[in-house]
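A.B. asks: After the structure tokens below, expect a handful of questions from me.
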């Protein structure tokens with residue numbers, strides 16, 4: 001037996017296997033995951049595992065290595081989040097998200113830090129040796145909302161898209177703030193005296209870390225898109241580039257002490273559009289599938305490790321400090337959300353309701369990032385106290401808040417996510433209004449989001465697409481592409497039902513039959529068709545209209561991290577379309 | 001700048017990136033890969049890289065770590081080879097393959113070992129300090145044909161399936177022999193005296209190592225199939241199990257000193273059938289795509305590393321020893337193939353021609369496995385000589401033999417692979433003959449391969465399928481499945497051409513039209529249809545017949561490691577079918 005030789009890959013494989021089997025186990029009992037979030041179950045499995053290891057070895061089980069977490073487990077989750085990020089709600093709310101992520105996080109850090117310092121001054125608690133700087137350092141690591149925990153919980157409760165993107169976007173973008181503040185306080189702790197210059201340098205660093213991350217991410221993203229221009233003959237390695245470049249962007253950002261999370265998200269969002277157009281359909285399926293798979297496994301492993309690492313003798317228990325940490329985390333987040341939302345609502349027509357505010361505050365879950373950061377702290381005599389407090393905060397937020405948020409959402413009747421994506425009619429109107437608003441903003445001289453969006457789109461079609469896309473001709477509009485996708489699905493449905501039409505569907509006959517059946521709705525279009533006999537335009541029009549006749553068609557379910565779009569789509573839909581078609585003729 | 005922190009993943013990612021970009025580079029110039037095999041180009045890139053590293057650092061570039069090779073680079077390639085192994089030709093020639101792999105390899109080991117020992121006795125060469133055991137040890141690592149090198153070359157020259165499977169199968173299965181002999185001679189080298197018991201134990205080990213590998217592989221394969229029964233609700237992690245279980249089988253086998261290559265191949269071949277039936281279509285696409293991608297990258301990295309490791313000061317140059325090694329490798333392989341084929345041909349009707357024998361002998365390429373094994377040798381004063389000789393043999397076989405084998409195949413007019421897979425008509429006949437031969441063997445009491453195949457199929461459908469498949473009802477025959485697949489593709493083609501029939505293709509009308517058009521061929525079937533009005537049977541018949549009407553339809557291109565089936569298939573085919581269909585009506 002030669003275990004040493006294969007130990008590393010063997011144990012990694014076994015852990016992944018355990019994680020996957022645990023997932024299968026939960027889903028075998030359908031009722032369990034609908035009551036308890038999967039993250040709680042996984043931590044529970046981890047606790048049991050940790051207990052077994054502790055019992056057998058009689059020493060603390062290994063804690064999750066911070067390097068493994070930041071270098072191998074976190075990137076797949078963030079990549080997945082960035083790649084499947086719904087860009088419209090994200091950019092529509094970018095101002096609010098940034099406000100929560102930057103100002104909100106700073107507010108929380110200083111609020112928690114100073115109030116814990118206040119607690120430390122109470123002599124009865126025996127905490128007078130914890131300095132203000134150490135409290136602020138602790139505040140900087142405990143304040144940040146965790147994207148992994150937020151995703152795990154919010155995906156299951158299906159709140160409306162705006163609410164989701166506000167909490168989720170905040171949890172992603174606060175990474176830049178956390179990185180800066182954490183490193184700042186850590187270096188302050190080691191400095192003998194702090195000059196005011198250092199404080200100003202810290203403020204300047206925010207911009208460097210955040211914008212630097214965006215820059216690194218975008219440059220790698222565009223390089224990735226450019227590389228996939230040349231993969232036509234070796235389709236098989238196309239998916240690799242998506243993963244390699246995004247991972248490189250993360251590592252490069254980390255190397256220069258920039259925000260890796262921000263970098264990988266910018267990379268994914270920057271490349272997505274061009275890569276999708278360049279690579280083959282099968283490559284794209286593989287990319288999407290593997291991203292989901294990887295992030296799902298990483299996420300599972302993180303929660304299991306979190307459970308395992310909790311067991312052991314790393315903790316120093318001090319009731320007041322730990323209890324007050326939990327209380328302050330809740331209070332300062334609630335206050336922060338209230339105050340910030342007050343300002344946000346003054347400048348927006350579409351306000352954030354008080355129910356939404358409550359869910360934003362309540363959804364501020366902490367997770368593995370805090371946990372890894374607290375283990376990365378330099379050794380000092382109260383480190384074990386901080387570890388204990390962090391563990392309690394994480395378990396409290398994941399278990400108590402995570403398990404009660406769903407009943408609360410039900411109770412408060414928070415606006416839910418609409419189950420179906422907008423119809424094409426709606427999409428056309430939205431696009432029309434976008435153009436209109438861009439025009440209004442241009443005329444009125446108000447350079448708002450629509451103006452910039454329009455400019456960006458112009459720049460994209462004028463320069464970027466020519467460089468980054470392989471076949472650059474007039475690109476098809478997304479609606480036409482959607483129609484093609486639906487038509488393909490419909491054809492597959494027909495083939496599976498064994499009803500593929502063998503009759504020669506003569507175009508003109510088809511066309512007239514189609515126009516006849518939809519005559520009541522297409523009067524205007526008909527006239528337009530007569531004026532513009534351009535066959536391309538005509539085809540597109542027909543496609544758009546044909547699409548619009550069935551209101552129930554969806555453009556794919558709204559984003560969720562553990563399913564692939566189209567996977568859960570009911571087959572009834574396609575059959576319904578088939579029946580409607582037959583009736584039309 | 002914090003390079004230390006990200007060094008390991010960063011450098012791994014960069015190497016993979018280099019490999020992928022090199023692949024893109026070669027394919028940009030279409031003419032290059034058609035003259036020089038990709039493996040040569042990659043070694044060449046590696047040599048340049050190694051030269052640069054050597055020039056900059058002024059010390060030998062790092063050699064390929066044997067652990068990295070055996071634990072991380074080799075498994076994906078072997079998994080891919082096993083998963084896409086054409087099982088019929090493999091099992092039809094299993095006897096010949098085993099003969100080449102076991103007897104042939106032993107022959108080569110002793111042949112090369114003893115004759116090199118003879119060379120060492122010549123005083124002028126100054127090699128008298130190399131003992132017989134060391135020569136045999138060297139023989140055991142240099143004798144084995146390398147699957148990676150064979151795949152890389154044979155995939156590009158498209159020889160007939162039997163010839164391919166003989167060389168490729170041998171290169172895979174000789175691993176068991178190599179492992180045993182290499183370890184045996186290595187331990188003999190360290191022993192003071194060798195007892196005859198040890199020699200017999202070595203012979204017994206062959207069976208343990210080989211059959212143990214098969215056993216480990218099959219048990220993991222069936223466990224994998226069993227696991228995928230329960231993944232219906234979490235499709236996204238399905239592909240993971242295929243990779244995890246096969247990798248575990250490899251690691252477990254290596255742990256117990258069994259043949260990891262044999263284990264992973266058995267695992268892949270054992271699970272394939274059941275896993276494919278259990279997992280979703282998208283999961284299966286991902287599995288296939290990722291396997292291809294991974295093996296392609298591994299393969300690229302291996303050849304680049306081979307090039308890099310060649311540069312440096314690890315070599316001791318001794319002209320006679322190195323030249324005679326190359327010569328003996330060629331001579332003993334040629335003799336071995338001649339002798340063994342003489343016996344094989346005596347017992348087979350379908351003989352191996354002398355042209356085929358030449359290609360089998362000439363295709364005995366050495367590669368990275370020899371290279372890794374020679375670096376694993378315990379330190380002794382002539383290790384550098386062995387490294388030099390191994391490097392020369394590898395470069396000679398890959399460059400000289402690899403580059404000349406294609407012109408030789410053309411020159412000798414060796415029978416090529418048929419470009420199209422057998423038609424359904426042929427497939428039906430083959431299956432019919434299989435049943436017939438199984439019956440004949442059963443009656444005559446001769447338990448040959450058809451008898452055992454029949455028994456295995458019975459056992460499979462009676463027990464294995466019930467345990468391992470999720471939805472166990474009467475499984476569809478592969479021909480019906482094929483028809484469904486083709487119909488699906490056809491539908492997609494129709495949709496893309498915008499000609500999807502909207503008319504309600506009435507089944508009875510369709511049926512009559514169909515039977516009418518093919519009346520000349522279906523007289524017998526028609527009668528049979530009247531006798532058996534079972535609608536299921538009728539549907540299947542029609543499907544089979546409809547399939548058979550177009551001779552040009554292919555079941556997918558024959559196996560190749562770098563393309564996915566169906567990826568390169570011309571779209572003309574589907575259009576032709578469409579036109580024929582229209583004509584029929």
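Cβ atoms are placed via backbone N, Cα and C, with glycine included.
Note: TrEMBL annotation is automatic and uncurated.
Got these off TrEMBL a minute ago, pasting:
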- A:12-29: transmembrane segment (TRANSMEM)
- A:17-409: domain 'Cation/H+ exchanger transmembrane' (DOMAIN)
- A:35-56: transmembrane segment (TRANSMEM)
- A:68-85: transmembrane segment (TRANSMEM)
- A:97-120: transmembrane segment (TRANSMEM)
- A:132-153: transmembrane segment (TRANSMEM)
- A:165-185: transmembrane segment (TRANSMEM)
- A:206-227: transmembrane segment (TRANSMEM)
- A:247-268: transmembrane segment (TRANSMEM)
- A:289-307: transmembrane segment (TRANSMEM)
- A:319-347: transmembrane segment (TRANSMEM)
- A:359-380: transmembrane segment (TRANSMEM)
- A:386-409: transmembrane segment (TRANSMEM)
- A:530-585: domain 'Sodium/hydrogen exchanger regulatory region' (DOMAIN)
A.B. asks: Do any residues, 6 or more residues outside the transmembrane segment (A:35-56), come within under 8 Å Cβ-to-Cβ of it, and if so which ones?
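C.D. replies: Same-chain contacts beyond the ends: 18-19, 22-23, 26, 149, 152-153, 156, 300, 303-312, 395, 398-399, 402-403, 406.
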A.B. asks: Would you kindly list the residues that approach the transmembrane segment (A:97-120) from elsewhere in its chain, counting only those six or more residues past its ends and only Cβ-Cβ distances under 8 Å?
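C.D. replies: That would be 90, 127-128, 130, 132, 135-140, 142-144, 165-166, 169-170, 172-174, 176-178, 181, 206, 320-321, 324-325, 328-329, 332-333, 335-337, 339-340, 343-344, 360.
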A.B. asks: So what's near the transmembrane segment (A:12-29) in sequence-distant terms, Cβ-Cβ under 8 Å and 6+ beyond its ends?
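C.D. replies: Sequence-remote neighbours of the transmembrane segment (A:12-29) are 38, 41-42, 45, 49, 296-297, 300-301, 304.
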A.B. asks: Using a Cβ cut-off of under 8 Å, list the residues of the same chain at least 6 residues beyond the transmembrane segment (A:165-185) that approach it.
C.D. replies: 78, 81-82, 86, 89-90, 93-94, 96-98, 100-102, 104-106, 109, 133, 136-137, 140-141, 143-147, 150-151, 154, 198, 202, 205-206, 209-210, 213, 257-262, 265, 352, 356, 359-360, 363-364, 369, 373
A.B. asks: Which stretch, A:68-85, A:247-268, A:289-307, tops the Cβ pairs under 8 Å count with the transmembrane segment (A:206-227)?
C.D. replies: A:247-268
A.B. asks: Please work out whether the transmembrane segment (A:359-380) lies in contact with the transmembrane segment (A:132-153), by counting C-beta pairs under 8 angstroms that are 6 or more apart in sequence and asking whether there are at least 3.
C.D. replies: yes
A.B. asks: So if I exclude everything within five residues of the ends of the transmembrane segment (A:319-347), which remaining residues of that chain have a CB under 8 angstroms from its CBs? That is, six or more out.
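C.D. replies: Cβ under 8 Å, 6 or more out: 95-96, 99-100, 103-104, 107-108, 111-112, 115-116, 119-120, 122, 125, 127, 130, 142-143, 357, 360-361, 364, 366, 385, 388-389, 392-393, 396-397.
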A.B. asks: If we skip the immediate neighbours and take only residues 6+ beyond the ends of the transmembrane segment (A:289-307), which ones have a Cβ under 8 Å from one of its Cβ atoms?
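C.D. replies: Hits for the transmembrane segment (A:289-307): 15-16, 18-20, 22-23, 38-39, 42-50, 64, 69, 72-74, 76-77, 79-81, 83-84, 148, 151-152, 239, 243, 367-368, 371, 394, 561-564.
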